[in-house]
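Everything on this sheet refers to the single structure shown next.
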Amino acid sequence: MSLGAKPFGEKKFIEIKGRRMAYIDEGTGDPILFQHGNPTSSYLWRNIMPHCAGLGRLIACDLIGMGDSDKLDPSGPERYTYAEHRDYLDALWEALDLGDRVVLVVHDWGSVLGFDWARRHRERVQGIAYMEAVTMPLEWADFPEQDRDLFQAFRSQAGEELVLQDNVFVEQVLPGLILRPLSEAEMAAYREPFLAAGEARRPTLSWPRQIPIAGTPADVVAIARDYAGWLSESPIPKLFINAEPGHLTTGRIRDFCRTWPNQTEITVAGAHFIQEDSPDEIGAAIAAFVRRLRPA
């Protein structure tokens, strides 16, 4: 299958809390739920989802303000908080009638949202596959040194110009954390939701300001602490897709999640957006994980 720019499946739309949200929903059976983070969309999973064809209902949602989902209006510095994203995604997942045998496949902010949802709906979770994830609250010392200054700038007033005007998260952070060069078609797909300067790009700025680092923001730190404690004891089957060299889930963060029970680990090539470097390896590992959970 390997690399390709063509999206997977057909975008569907549903009204959630007065806004139109976009998602992919292909196949039948118990769901395999793929959730992206910042600044991506369901497009991130296009070369991975085909590996799971025939294993269940393949769902990938675009977070509010991202991908083909509507922007929030009015917008501003107080919008697109973790809590607001969770409210919209919880409502969307509820509307999709996921049932009680859900396999979660999560990355980046999708991991925070997915781990949090799983802790709150543990009786409905069949398994969790995760990669480049926020496995616990962070300290700045955990954050990759080469990006520390930039992410601290995002959390200051300077972030407004860096992201809302210069589109740094899409133009610099995204391609900089992929080992291969993206094609023009691939970059165009990632740029498309954020072409207009200003508030259209607000989601990609609010997200780095919500990362649970050094005790801030307190609500997200508490959520990450709660799910970290739960995952470190939960018997729910887990697949940890480790990245080499990796970016976020390294060092202490990786050491911690490696202690989680009932877990399988594989390693693939990649920095942070590893779906763009190792889609076949990731897809094959997820498919094998699901087959173990759902023997024919």
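Glycine is no exception: its Cβ is also placed from the backbone N, Cα and C atoms.
If you look up Swiss-Prot, you'll see 31-155 marked as domain 'AB hydrolase-1'. What Swiss-Prot lists as active site, nucleophile is D108. Under the heading active site, proton donor, Swiss-Prot lists E132, citing sequence analysis as support. Residues or ranges marked as active site, proton acceptor by Swiss-Prot on the basis of sequence analysis: H272.
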Give the helix, strand or coil assignment DSSP yields for E132 (active site, proton donor). strand
Along the domain 'AB hydrolase-1' (31-155), what average pLDDT does this model show? 98
Rounded to the nearest angstrom, how far is the Cα of H272 (active site, proton acceptor) from the Cα of the residue listed as 'active site, proton donor'? 6
Take the C-alpha atoms of D108 (active site, nucleophile) and the residue listed as 'active site, proton acceptor' and report the distance between them in angstrom, rounded. 8
Chain-internal residues near H272 (active site, proton acceptor), provided their CB is under 8 angstroms and they sit 6+ positions away: D108, E132, L177, I178, A243, G246, H247, L248
The domain 'AB hydrolase-1' (31-155) resolves under DSSP into 50 helix, 27 strand, 48 coil
